[in-house]
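See below for the structure under consideration.
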Amino acid sequence: MSRIERIFAREILDSRGTPTVEVEVWTEFGGYGCAKAPSGASTGVNEALELRDGDKARYNGKGVLKAVKNVNEIIAPKLIGVDALDQLTVDRIMLDLDGTEFKTKLGANGILAVSLAVAKSAASELDIPLYKYLGGVQAKKLPVPMLNVINGGEHADSAIDFQEFMIMPVGAKSFSEALRWSSETFQALKSLLKSKKDITAVGDEGGFAPNFEWAYEKHDLKSFKAKTPAEIALDLLVEAIKKAGYKPGKDGIMIAMDCASSELYLEDKKYHFKKIEKVTNQEWSLTTDEMISYLEKLVDNYPIISIEDGLAETDWEGFTKLTQKIGDKVQIVGDDLFTTNPKFIKQGINKKAANSTLIKLNQIGTLSETVEAITMTQKAGWTAVVSHRSGETEDTTIADLAVAFNTGQIKTGSMSRSDRIAKYNRLLQIESELDKNAVYDGLEAFYNLKK
């Protein structure tokens, strides 16, 4: 038994310059852990509450001093003396202190930072890496990275309504090789954008945010050369993959998308592509069935292996239809649909509404609940994709978590911005530590699909 001796929280800044919570934990025998809470821009309605101060005179209302105070004055006194190695008890005490379904009293940002810092302090005291502390001898699988190289939607001021276009090096033989392929493809994409005199500025997650002015003529919807911005982005990725010297497809690099469709879904139950409308001055909206057909068309025409939030979080019936249509050949990932909540994941499993769950720690708010979400997902034969948020820090916990539970996939941004690269560098360290025991599944990570 190793008792928690001290807990201290403070307000720090994330990758967007927005306040977040950092927590440090010390144990009686010298263990130390530090964790920082991430923050999302595109959020699901059922996510645990990210507690903000609301004082417009300070950080435009986004300060987190309330959450910090809750940790230091309410949570810390109750956890002092508790065994740091007993994660379930630590998390249960905090859940009981909060007493609400979505952690609206104390704030998930503070609770999560404490939960992760305690786990890190326990690993530190045992003098083992976090992934080994959580996963034991079975923790050896390096995840296939899902790298966001073109940003749209809420993550960038670009011409694209869909939020993320990602590359997945499924044909690589190791994680380090996969990362090299990804870096080279990212640089090839930058070169292509420069050649078209497009923008090479990056969005929140380090991907490019192009305007595609070279691809259309003004005031004409059909001027995207008969293609939508999503198709133009996909064409660019295929070209960049080839330019980098790799094959688009199962033997090389495949493509993943996060549509973040809840952001497009309005009260008329249609998906409105506002960025297309802004460019063309013409309305473009799709019904659920039309959206499914559109996504099916993209899958037929491009080497796409994963689609996240292809429909709105309230469109459960649509998700079931989408999964029936293309779920045998494409990973259908629920993010806003499930919000890493076992209650909603179970509902999704029963409805066959997806075949994969995105795992975002701050959506649920404790390590124990996150592990429950991963376990439930994997037992159903679905994949679990561990994910960052658009607002990040140098914290690398999710890298260890992905390896600890052999999730096989991780989504943590592009090949730029140190807050994203930190996670990849941590995975390189883990691969080096595991040495010959390290496993990289590549395409086999998609065990939920028919090969």
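The backbone N, Cα and C atoms fix where each Cβ goes, glycine too.
What Swiss-Prot says about this one:
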type	residues	note
BINDING	Q163, K360, R389, S390, K411	(2R)-2-phosphoglycerate binding site
ACT_SITE	E205	active site, proton donor
BINDING	D258, E308, D335	Mg(2+) binding site
ACT_SITE	K360	active site, proton acceptor
Cβ neighbour count (within 10 Å, all chains shown) around E308 (Mg(2+) binding site): 28
Cα-to-Cα gap, R389 ((2R)-2-phosphoglycerate binding site) vs E308 (Mg(2+) binding site), nearest whole Å: 14
Rounded distance in angstrom between the Cα atoms of K411 ((2R)-2-phosphoglycerate binding site) and D335 (Mg(2+) binding site): 12
Residue among recorded positions E205, D258, E308, D335 with Cα closest to the Cα of K360 ((2R)-2-phosphoglycerate binding site): D335
Candidate binding-site residues Q163, E308, D335, S390, pick with smallest Cα gap to the residue listed as 'active site, proton donor': S390
Cα-to-Cα gap, Q163 ((2R)-2-phosphoglycerate binding site) vs D258 (Mg(2+) binding site), nearest whole Å: 6
Site extent for (2R)-2-phosphoglycerate, whole Å (max Cα pair distance, Q163, K360, R389, S390, K411): 17
Site with most surrounding Cβ atoms, counting all protein chains shown within 10 Å, from the binding-site residues K360, R389, K411: K411
Binding-site residues: Q163, S390 - member with fewest neighbouring CB atoms within 10 Å: S390
Cβ packing number for D258 (Mg(2+) binding site), 10 Å threshold: 28
Cα-Cα distance linking S390 ((2R)-2-phosphoglycerate binding site) and E308 (Mg(2+) binding site), given in Å to the nearest integer: 15
